[in-house]
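According to TrEMBL, the features are:
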SIGNAL    1-26  signal peptide
DOMAIN    55-170  domain 'DOMON'
DOMAIN    177-378  domain 'Cytochrome b561'
TRANSMEM  217-237  transmembrane segment
BINDING   H218, H254, H287, H323  heme b binding site
TRANSMEM  249-277  transmembrane segment
TRANSMEM  289-307  transmembrane segment
TRANSMEM  319-339  transmembrane segment
TRANSMEM  351-372  transmembrane segment
Amino acid sequence: MSLSPRTTVFLVLCFLFVLAPYLTRATTDELQARCDSHSFNNGKNFRSCVDLPVLDSFLHFSYVRETGVLEVAYRHINVESSSWIAWGINPTSKGMSGSQTLLAYRNSTSGVMRVYTSSIKGYSPTLQEGPLSFRVLQLSGEYRNGEMTIFATIVLPSNITVVNHLWQDGPLKEGDRLGMHAMSGDHLKSTATLDLLSGQVMASKAANDNMLLVKTIHGLVNAVCWGIFMPIGVIAARYMRTYKGLDPMWFYIHIIFQTTGYFGGLLGGLGTAIYIAKHTGMRSTTHTVIGIVLFALGFLQILALKARPDKEHKYRKYWNWYHHTTGYVVIILSVYNIYKGLAILQPGSSWKIAYTTIIGVIGMFAIVMEIIQFKNRWGSLCCKESEDLKADQTVSTNV
């Protein structure tokens, strides 16, 4: 069957009509992503421009080597109005500490842009306004259609050709307070070396890969020590001790797993945590607080062994109650904190699936053993209640 020319034209037009939004969007995104195709509303022009590797950011700049005057426009696209952005130069190192930073955000009430400078002296900065180590001649900002830009003219020491720079964004909290930026993904990769003459950007890949390795070791060590060894040690003490032939083997297994878990976590887990805090800053997150609590509870358990009364001592039952309760609290907090850590590290779904499978098997084993040992563990209590009930009935009959 042949189509008439009119029908063919109609079908082609319908096809183009359907695809037009996608073609237009792709073209617009491509032009917007191209650094050299952007034109600023204030008419500013810059000699060089680089597409920064992460966070949808671009840096336009003009540099005069003899005078050290650097004109920059840091542009961040696809950003919410309730966000802040920052760009800075670190004259001493490649990290955040020591960076001389330009920050901007949109006032939530008036909608007016606020742009200021802040010198970061540590890894837990408050980002308060303050002078930089070099002069800032001009500073302004704008926000249009999901795009926030910082304009600045700064004066660097003369004859500098290469600088370490970094860029970032984060949420704006109530009262226009700058919230903490994300601690994963591209937010940990937004540092690079910039050649002011050639415009080449060299990402700090080695430093980022090293930090990722340290975080992976931190997560792996803590997951094994606190999330696997500790529960196994508790299971050994709870279920093996009911079999006379396994006494005192259960005690040694319990001690081995608990001490290995604690000191392994102390050396590997806490050691890597200190390294991470030193290089990215210690922050009072739920994950951090729970981690500190776990190490404190583990240390108290070790001290409690020194104060353990004899089996026949009248205070032994109170010691058992404290020791068992603290142990179960440690297990619950450990498992919860491991999932918190996985959410922060974001290593991929395979990690979470693997740990969930392991802890699920341990949990199922505990349930099965609880069912098997139910009579031995709780039977005496039930028998005692039955005997007490019979005794009461006998007394009532005699009366």
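Note that Cβ sites are derived from N, Cα and C of the backbone, with glycine treated the same way.
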Whole-number mean of pLDDT values that fall within the domain 'DOMON' (55-170): 85
Binding-site residues listed as H218, H254, H287, H323, least Cβ neighbours within 10 Å: H323
Composition by DSSP (helix, strand, coil) of residues within the domain 'DOMON' (55-170): 0 helix, 66 strand, 50 coil
